[in-house]
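Some notes on the structure that comes next.
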């Protein structure tokens, strides 16, 4: 494949090899030692090529300095191609980016911070972070993400901070969405459309310290009890937004703070019936049915007697 025609983010675009120093020496006149001036020029050329490969020219509308690439607030509709290969901090915030091409981060092994907040992202391509082994901070807030699939953060085991807040269409987080993120400390899921969050999605995060979940339409039914119990027992500072986390349902707890619910609130979820209970219910049902039959029988006799008495009265009058 021609390198110039390779798609954005493909491995072919970041596998260009530099001429080796031996190649430069082989092109010098021989026999005899090289002239000092020629040797100096050769060394400068080699150093220049190494520098150009380590830091590809900065994309248009972006600024690049000290491994920081800032492309924020430029009204971009797509991600810029060909970033410097040694980029550590990439900001694409406050643009109109609707999608990220597959393999976009393949070449940027040094990436630590990725800021994609305030864009129009609906989803991310599978395996986007496969080569982002050193990525620690990811900001996806203020987008249009609808779900967090199981493979969204695949291989990004170095993540420490994930911000998914202010995604109003975010309805579902897969139970294995954060699988393997053992270093994750801060997770922000606030101001989305979540009504439920599986305990399985969080219990595999041993390093989790801060969890923001306020501003979601939580349904505080029986299915929420395991999550709330885990939050109270495992996380020290997860209640930073406790005043913002409220129940939207069921009606009996609507408007109640999520973290105000206790085991007593879920007492009805643990009601179990014994054999005696079932026998009592069966007995009551049998008695009620017999009473119903007897009542109908008596009403029938009463109605019949009334009818005969009325007919007899009419005959006497005649």
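Backbone N, Cα and C define each Cβ position, glycine as well.
Copied over from TrEMBL:
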- 57-89: domain 'LRRNT' (DOMAIN)
- 216-270: domain 'LRRCT' (DOMAIN)
- 278-301: transmembrane segment (TRANSMEM)
Please report, as numbers and ranges, the same-chain residues at least 6 past the borders of the transmembrane segment (278-301) whose CB is under 8 Å from any CB of it. none
If you average per-residue pLDDT over the domain 'LRRNT' (57-89), what number do you get? 94
The domain 'LRRNT' (57-89) resolves under DSSP into 0 helix, 7 strand, 26 coil
